[in-house]
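> Input: one structure, supplied below.
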Amino acid sequence: MVDVPYDRIADIPPAEVPDVELYHPRSWWTRYVFSQDAKVIAIQYSLTASAIGLVALVLSWLMRLQLGFPGTFSFIDANQYLQFITMHGMIMVIYLLTALFLGGFGNYLIPLMVGARDMVFPYVNMLSYWVYLLAVLVLASAFFVPGGPTGAGWTLYPPQAILSGTPGQDWGIVLMLSSLILFIIGFTMGGLNYVVTVLQARTRGMTLMRLPLTVWGIFTATVMALLAFPALFVGSVMLLLDRLLGTSFFMPTLVEMGQLSKYGGGSPLLFQHLFWFFGHPEVYIVALPAFGIVSDLISTHARKNIFGYRMMVWAIVAIGALSFVVWAHHMYVSGMYPYFGFFFATTTLIIAIPTAIKVYNWVLTLWHGDIHLTVPMLFALGFIITFVNGGLTGLFLGNVVVDVPLSDTMFVVAHFHMVMGVAPIMVVLGAIYHWYPKVTGRMLNDVLGKFHFWVTFLGAYLIFFPMHYLGLLGVPRRYFELGDAAFIPPSAHSLNAFITVVALTVGFAQMVFLFNLVWSLFEGEPSGGNPWRATTLEWQTPETPPGHGNWGKQLPIVYRWAYDYSVPGAAQDFIPQNQPPPTGAVQGVAP
């Protein structure tokens, strides 16, 4: 720790911060529709992602109805079931979670948390949302074309993805790949904005080691996405060329419908490498912003400094780097060179080390804290419990010997949903409860919020713990109907019915949450400027919700790190980052 006198701290510039003239909206259209304000763009991203996410939620209910009560619902057939799987998975992983964490929280929080007036490139930021919206519309249009959306599975493996026997082989796969290409273009415009804003638009005194961990998580995830998404982009373009022009990048010589196909010489394994080189970093593109947000929620609602701030930062960076050398643990049964499995199993276990550091630091932050069991805190605790449980099952799947018999069973589905479904959604919900007062100026209803949490949290475990057991029994995933297979015990059918009932109940809780959002917007209690008594800059704006340009006439000056809670001798139990020190005081640049 290096001590620097306060009168010098304000003169430490992390970057030049010119007070540029902002674009000022001149009409309702330029203020709320074609807005260049990052806060409005964040809300647009969030609403669009939530809308398409509701579609994915409905698809999951339809799949559960079929699995729980097979043959009861005649409007669901085998082809549609495969299409539902594909669309549900792709929407949740990319169009919902990536868009919410980076496009939603990233746009709203980065400028406020670093003390900037807006993103560095507001016009490009606006374009990024509209390209994302176009990608969502192209994806959704697949429901309305002949043949419907593709049923190739959300990983889109060739040759199945473009063979004539696959549902949605005509327009469905073309629209899916086109939508992915558009999404990546839109994200690249937004992602460059996030990175440049963090590096170049921080206010005076905001050194990198004073950034809130939310910003560190979003920043690192964005850098990862800018490196990982090109692999998916290239794979999507090449697969689209295979489908439309008859090239054979990924299509081997094979017999299709009794005749030798027009393809030959391609490698399906190459596509799997490209997809998972994107796919596993994508897990942490979603997880790292969640890690950062949870750190801020825990510190704020436990009224305690985050434990091991620098270690937490370096753990985020280490996870981001290691995530690029573990992708092939998704391919143990793909036919790749067997000895590669030992390398990727080793790197998979190594990445657990920085992840464990974060978990221990969260626990130590809670230790002897003044814990307030607010709704955001409940969701943060729910995330930690869920992520640890999901991570422990990941240790099984990271081991080659164990993964082979569990591959393509419901165990994989349960693990993936705990880590990439329930855990990040817990963070999204906790973050909404936490920052909703900043966005709207009103508090969400606490009773409805706690009802929402407990039904969601307990329901998730009642869904996915039995699903792990089904996987251990050997119940396969992606089956439209299990039938009377000898290796499936009768208890599996009863468990599937139980899981379906619980899933529908959890879905009802999300409707209560939506009601809470809308009702509180008009009838919620006024929040004031800083209802959680938080230290970070977004809570120190002169207006709530923040006005155009965020900071009025003068940008804030940062004097301390982001987690000054329960400071001995202080007038209150928190000290905001922009609060000037007493005359002659000395403060460290970073903990």
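Cβ atoms here come from the backbone N, Cα and C positions, even for glycine.
Relevant sequence annotations retrieved from Swiss-Prot are reproduced here:
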type	residues	note
BINDING	His88, His417	heme b 1; low-spin binding site
BINDING	His280, Tyr284, His329, His330	Cu cation binding site
BINDING	His415	heme b 2; high-spin binding site
TRANSMEM	40-60	transmembrane segment
TRANSMEM	90-110	transmembrane segment
TRANSMEM	126-146	transmembrane segment
TRANSMEM	172-192	transmembrane segment
TRANSMEM	215-235	transmembrane segment
TRANSMEM	274-294	transmembrane segment
TRANSMEM	313-333	transmembrane segment
TRANSMEM	337-357	transmembrane segment
TRANSMEM	377-397	transmembrane segment
TRANSMEM	412-432	transmembrane segment
TRANSMEM	453-473	transmembrane segment
TRANSMEM	498-518	transmembrane segment
> Count the Cβ atoms, other than its own, that fall within 10 Å of the Cβ of His417 (heme b 1; low-spin binding site), considering every protein chain shown.
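By my count, 20.
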> Which chain-mates of His415 (heme b 2; high-spin binding site) that are at least 6 residues away have a CB under 8 A from its CB, listed by sequence?
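His415 (heme b 2; high-spin binding site) has long-range Cβ partners Gly390, Thr393, Gly394, Phe396, Leu397, His468.
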> Do me a favour and check the Cα-Cα span between His330 (Cu cation binding site) and His417 (heme b 1; low-spin binding site); whole Å is fine.
15
> How about the transmembrane segment (215-235) and the transmembrane segment (126-146): at least 3 CB pairs under 8 Å, pairs 6 or more apart in sequence, or not?
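They are not in contact.
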> Using a cut-off of under 8 Å between C-beta atoms, tell me which stretch among 172-192, 274-294, 453-473 contacts the transmembrane segment (377-397) the most.
453-473
> Taking the Cα atoms as reference points, how far is His280 (Cu cation binding site) from His417 (heme b 1; low-spin binding site) in Å?
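It is 14 Å, counting Cα to Cα.
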> So, taking each listed stretch (40-60, 90-110, 126-146) in turn and counting its Cβ pairs to the transmembrane segment (498-518) that are under 8 angstroms, which one gives the highest count?
40-60
> From the centroid of the CB atoms of His280, Tyr284, His329, His330, the recorded Cu cation site, which same-chain residues not already listed sit within 8 A by their CB, in sequence order?
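Residues close to the Cu cation site, other than His280, Tyr284, His329, His330: Trp276, Gly279, Pro281, Val283, Ser323, Val326, Trp327, Thr348.
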> For Tyr284 (Cu cation binding site), what residues in its own chain, 6 or more apart in sequence, show a Cβ-Cβ distance under 8 Å?
Ala221, Met224, Ile319, Gly320, Ser323
> Do we see three or more Cβ pairs under 8 Å linking the transmembrane segment (40-60) and the transmembrane segment (274-294), pairs being at least 6 apart in sequence?
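Touching, no - the transmembrane segment (40-60) and the transmembrane segment (274-294) miss the threshold of 3 or more Cβ pairs under 8 Å.
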> For His329 (Cu cation binding site) and His88 (heme b 1; low-spin binding site), what Cα-Cα distance in Å is obtained after rounding to a whole number?
23
> With contact taken as 3 or more Cβ pairs under 8 angstroms (pairs 6 or more apart in sequence), are the transmembrane segment (90-110) and the transmembrane segment (274-294) in contact?
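The transmembrane segment (274-294) and the transmembrane segment (90-110): touching, yes.
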> Taking the transmembrane segment (412-432) as reference, which of 126-146, 274-294, 337-357 has the most Cβ pairs under 8 angstroms?
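Per the Cβ under 8 Å count, 274-294.
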